[in-house]
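What follows is a single structure, written as structure tokens, with notes after it.
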Amino acid sequence: MQAGGIPGFALTFAAPAKINLALHVVGQRADGHHLLESLVTFAECGDRVGLIAADRDRFTVSGRFATDLSAEGNGGNLVLRARDLLRRELAAQGRMAGPVHLHLEKNLPIASGIGGGSADAAATLRGLLSLWGATVEAASLNSLALQLGADVPMCLDRGPLVARGIGEEITPLPDLPPFDVVLVNPLVAVSTPVIFRSLVRKTNPPLVLPEDARSTAEWLTAMAAMRNDLEPPARAHEPMIETVSNALRDAGAALVRMSGSGATCFGLFTGMKSAERAAETISAGHPRWYVQATRTAGKSG
């Protein structure tokens, strides 16, 4: 939950943007799911979910990208799927889960590689447990989250972590420092299944974490040797990703990489003022793009 909630709602829960600082594809299961090793953190920016008890279920949407979400149809929205899944789980335990008005403030682009839908689902699960005064064991909650998508369990965590398996094997990384970052998306949706199907190599070198890195500079050096194995096929599918990456480099980013399956790219900067100046420069040159200077979660000092 966060201060400065959505007006008219009893509770507001943040759904922060997920950033894959590195994403290595290391294999593929017999069922077709790819095995990943990913260094993940979360930004201060993101969507928000408002909740209040109601006489009937309602779902409303606002925010810059509300229209894009509505165009997809409410039936497939992860917020509603999370509500229905948790309600069934609680009903099976003989517990009440009354009608609720859910409101999604959609501030992140759709299909952008920064986990917007997964974060929305995770925030909905956390928010409904609070609104309904219910508890679910951590293992059961993670199981529910995984039914909604491979990224949802890590979005429940919201702290720096390493994700393995299909994304559900989570190891917290409390010593990862925060980073000043600029997120840029050219507002071109990228299909995750298409990018995975386009992978030429399904088995790539594993993610190697530094043993003694503590400072931001040490982590930047270590991350420079990491990869996003989805970036080459994503660039081939959507050449605009290269344009975005070049814009971040030209603006002075110390490290530039694509997040998830794209098309969002991030640039890491040495200080928030530098990040904000870069965001202003990129926005001036590309006023229709999504450009956001922000800071990530992490251990300061």
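Just so you know, glycine gets a Cβ as well, placed from its N, Cα and C.
Taken from Swiss-Prot, the feature active site covers Lys18 (among others). In the three-state DSSP assignment, the secondary structure recorded for Lys18 (active site) is strand. Residues near Lys18 (active site) in space but far in sequence (CB under 8 A, at least 6 apart, same chain), listed by position: Val40, Thr41, Phe42, Ala43, Ile114, Gly115, Ser118, Ala119, Asp151, Met154, Cys155, Ser259, Gly260.
Taking the Cβ of Asp151 (active site) as centre and 10 Å as the limit, one finds 27 other Cβ atoms among all the protein chains shown. Here Swiss-Prot flags Asp151 (among others) as active site.
Sequence annotations record features per position, and here Swiss-Prot assigns ATP binding site to Pro109, Ile110, Ala111, Ser112, Gly113, Ile114, Gly115, Gly116, Gly117, Ser118, Ala119. In three-state terms derived from DSSP, Gly113 (ATP binding site) belongs to neither a helical nor a strand segment and is classed as coil.
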DSSP state at Asp151 (active site), helix/strand/coil: coil
Cβ neighbour count (within 10 Å, all chains shown) around Pro109 (ATP binding site): 23
Any further residue of that chain within 8 Å (Cβ to the Cβ centroid of Pro109, Ile110, Ala111, Ser112, Gly113, Ile114, Gly115, Gly116, Gly117, Ser118, Ala119) of the recorded ATP site: Ala17, Lys18, Leu108, Gly260, Thr264
